[in-house]
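Asker: Before anything else, here's the structure in question.
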Amino acid sequence: MNTLAALAAPRRFRPGFWTAVFVVLFLAFCTVTVIRYTKGLGAVTNLSDQFPWGLWIGFDLLCGVGLAAGAFTLTAVVHLFNLKRFEPIVRPTILTGFLGYAFVIVALLLDLGQPWRIWHAIVYWNTHSVMFEVAWCVMLYTTVLAVEFSPVVFERFGFHAPARLIHRLITPLVILGVLLSTLHQSSLGSLYLIVPSKLHPLWYSPMLPLYFYISAIGAGIGMVILESYLSKRAFHRHLEMDLLEPLARGMVVALGIYGLMRLQGIARNHAFGTLGSYEGRMFLVEFLLGVVLPVVLMSFRRLRTNPDWLVGGAFLAVLGFVMNRLNVSITGMEAASGTRYLPSAMEIIVSLGLVATGMAVFAFAVRTFSIFPDGPVAGRSKEPAVGA
Amino acid sequence: MGLLFDATRCIGCGACSSACKEQNKLPGKVEEVLTAYTWTTVQEKEGLNVRKLCMHCEVPTCASVCPVGALKKTPEGPVVYDAERCMGCRYCMMACPFEIPKYQWDRPVPVVGKCIMCAGRVKDGQPTACAAACPAEATIFGKKEDLIWEARTRIRQKPGAYVDHIYGLTEAGGTSVLMISNVPFEKLGLKSNLPGEPPAMKTWQVLSNIPDFVAVWAVFLYGVHWITARREEVARVGANGNGHGRNGQGNGREDRS
Ligand code: SF4
Ligand code: SF4
Ligand code: SF4
């Protein structure tokens, strides 16, 4: 009786605004999925023979993987560079990484023409294909992240033996994770090495793999900061400024190196003359807003130590990263394709639905497991489910 | 084997396109642009008729990028497609420098469509259906060496009647389909900015270095771990043993990095 009354009590179950948004998005996502599988890709996307890769590759794949880069960066910092004080934010970061990859896999299942054949990549090998490498790295690294995260789950249910075993294996696991991440963060860039005659010279470079790798480290760190902030808001936690401030310094270094490399690449392509074009404007927004501005802002200690500015800087870095991936995959490819591509509403719904689901799962995990140092977070906040 | 297309001879009758439809049992009418159901088409450009079809590259970009090896260059020359393997990532479409592979956007179970140089016929020693159907000998089928020789002869015999270039000899590393014309090729809608080196080499340079890279990177990472772990141990022993000099140093270093 008591429990029933408790369950029925309106105060215990009060879906907030964000829960409603999530439910609506999720239902829309399901509808689009059904249409996609019954009517084909043409019915839901603006993709065409001229423009075969769109938002789902540009955002879901390239950004989903990139923003999960915080996981390997931070595990390397803690376990290889032995900076143990960053330990408290490793778990949420690994969780974000894992969700990022899960997000990518779901996105691939939607984007592939014949997703039920996704296992073909395991049996039919073409080692000359970058896509083949990407497929293997995604599979293996998702597994590594799941294993790295599993002690959290084991602990929750009181299985200490497997948790201890994984703890002992953590060094090889982390090394494997860093290796796999390095390989395929960069190979997402290598995907575009094959189109020297198609990708605009502002973005094409033989250094693409390195650009992708370094910018992923920068944005991955930005994401760690951003996610700490979002969790703070959603779960009323404090911001670990003493940890985030040095991370912001790391971000400045990564973005700085990346920015210089990009400028050098553009000079090498003699592409500065194209800055007035449509592509040039898109590049300027990406570069000034997403690289130059965060580097400059975060170079000031005073701004770095101020939570608002810190989060702002991290947000810019992440935004710049997303814009770069969209520019490489869409803006830079449009001229050669002879068409304009704008994602359809249904493509956008799928991407948003995936992001929202990822956030909901994150919020659920934070409540159920000890993700943050202070244990499972009680579901007392006014804005449950989508914690952002 | 290969095909030679001479734009100056093409009369635009479209017999090749219809023959292709029939040979490969492709549904629908011949369309103006390539689609998954129209593997070759004749387009009017600059008063000339130009065929569009897969160029059957010597080092096919499409085959190099396909993660499951659904596209392959056969020893006879055709680049063929195995619909049973393809999982529909469309990387081949993205990567092909000639923008040839097309997709069945309207089907729930789609496959890629592109000219396969009638691989079955070619294997049996027959010419492709399009070459067999051509009434003007604008498309001819034969050994690639013979075709190159034929193209050179035509260009040499009538000076000024042709652009002095065989399209496909060097483009994207060379192709099995060659074209000659009296109008510059870029005006015919053919790509003129293609590198002479096959694009596949660019990715292979990166991919082939992966094993070495993995080995070096793994050793490096383990080395870093070993050093930092050792440093911590030394610091700990120092703290337990003789005073805190070492300890202080270890901590200081950790805080700074
Ligand atoms: S033209 Fe395109 S589809 Fe044809 S073989 Fe070359 S890369 Fe492949
Ligand atoms: S779409 Fe099919 S043939 Fe083309 S690269 Fe992908 S798996 Fe290979
Ligand atoms: S070679 Fe065969 S498949 Fe290719 S265009 Fe000619 S008829 Fe069609």
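A Cβ is built for glycine as well, from the same backbone N, Cα and C atoms used for every other residue.
Quick paste of what TrEMBL says about this protein:
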TRANSMEM  A:16-35  transmembrane segment
TRANSMEM  A:55-81  transmembrane segment
TRANSMEM  A:93-110  transmembrane segment
TRANSMEM  A:130-149  transmembrane segment
TRANSMEM  A:169-195  transmembrane segment
TRANSMEM  A:210-231  transmembrane segment
TRANSMEM  A:281-300  transmembrane segment
TRANSMEM  A:309-328  transmembrane segment
TRANSMEM  A:348-366  transmembrane segment
Asker: How about the transmembrane segment (A:210-231) with the transmembrane segment (A:93-110) - do they touch, taking at least 3 C-beta pairs under 8 Å (6 or more apart in sequence) as contact?
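Answerer: Yes, these stretches are in contact.
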Asker: So, taking each listed stretch (A:16-35, A:55-81, A:169-195, A:348-366) in turn and counting its Cβ pairs to the transmembrane segment (A:309-328) that are under 8 angstroms, which one gives the highest count?
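Answerer: Ranked by Cβ pairs under 8 Å, first place goes to A:55-81.
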Asker: Ranking A:16-35, A:55-81, A:93-110, A:130-149, A:169-195 by Cβ pairs under 8 Å to the transmembrane segment (A:348-366), which is first?
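Answerer: The listed stretch sharing the most Cβ pairs with the transmembrane segment (A:348-366) is A:16-35.
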Asker: Please tell me whether the transmembrane segment (A:169-195) and the transmembrane segment (A:55-81) touch - that is, whether there are at least 3 C-beta pairs under 8 Å between them, with each pair 6 or more apart in sequence.
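Answerer: In contact, yes.
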Asker: By Cβ distance under 8 Å, which residues at least 6 away from the ends of the transmembrane segment (A:130-149) in the same chain are close to it?
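Answerer: Cβ under 8 Å, 6 or more out: 65, 71, 75, 91, 94-95, 97-98, 101-102, 104-105, 121-122, 166, 170, 173-174, 176-177, 180-181, 183-184, 187-188, 190-191, 193-194.
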